[in-house]
Amino acid sequence: MDTLTALTQRVSVPRLTEPGPTPEQVRQLLAAAIRAPDHGMLRPWRFIVLEGADRERLGDIMEWRLLKRQPDADRKARDKLRAKALRAPTLIVAVAEITEHHKVPAWEQVLAVGAAVQNIMVAAHALGLGAMWRTGDLANDPSVKARLGFADKDQVVGFIYLGTPAVAPKALPDETPDPFLRELPDD
Ligand SMILES: Cc1cc2nc3c(=O)[nH]c(=O)nc-3n(C[C@H](O)[C@H](O)[C@H](O)COP(=O)(O)O)c2cc1C
């Protein structure tokens, strides 16, 4: 698939099944990720790849967070959350590890990791994989960041779910760039 086709035809795939990406495909996705633009070459991206039973550890964190907030959460609610970590064969947690820098503010480092995630999304599509970028409250919880091995200054940019599409690709929205164009205001 050529690059422009991948960029313009990519869609998110919310329902994913086995098989997940091969180890070689995971390497390709990460290789694409680390070619994102990065002001100051700070290399802010960190990736945790979770496959198979390792995904349960993210489920543990989700359940642990629920119980901290709602100690009486019932089994059903706990299992529902745990199941989220198993929604796809492979998960990549993408985190911006922020470096204090005189010229590159934190927001630029977060954007660089966002660009890295988008590279993963487009590369996954080009490889015929399904992918879905998710965040949710989990991404902004300092205690979750700590359990993932990061500090509060860092930012979880996405939980990227990867696998084989379990549903037909949704139709692309019928959109053009025109509504997003603006003119410079008059002086
Ligand atoms: C930073 C970020 C976080 C997102 N988090 C979620 C999420 O937690 N849950 C969700 O359903 N969609 C989330 N989305 C949106 C989907 O990834 C997806 O882009 C959206 O469903 C539109 O589908 P499309 O990518 O095919 O246009 C997020 C997107 C971004 C960029």
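Just so it is clear, glycine is given a Cβ too, placed from its N, Cα and C backbone atoms.
Straight from TrEMBL, the features:
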BINDING   Arg10, Val11, Ser12, Arg35, His39, Trp133, Arg134, Thr135  FMN binding site
DOMAIN    9-163  domain 'Nitroreductase'
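Of the listed binding-site residues, namely Arg10, Arg35, His39, Arg134, the sparsest Cβ surroundings within 10 Å are found at Arg35. For Ser12 (FMN binding site), applying a Cβ distance below 8 Å and a minimum sequence separation of six or more within one chain yields Met121, Ala131, Met132, Trp133. Ligand 1 lies under 6 Å from the Cβ of the following binding-site residues, listed in sequence order from Val11, Ser12, Arg35, Trp133, Arg134, Thr135: Val11, Ser12, Trp133, Arg134, Thr135. His39 (FMN binding site) carries a helical DSSP state (H, G or I).
Under DSSP, Arg134 (FMN binding site) is assigned to a strand (E or B) in the three-state scheme. For Val11 (FMN binding site), the same-chain residues lying six or more positions away in sequence with a CB closer than 8 A to its CB are His125, Pro169, Lys170, Leu172. The record assigns Arg10, Val11, Ser12, Arg35, His39, Trp133, Arg134, Thr135 to the FMN binding site, and the maximum Cα to Cα distance across that set is 28 Å.
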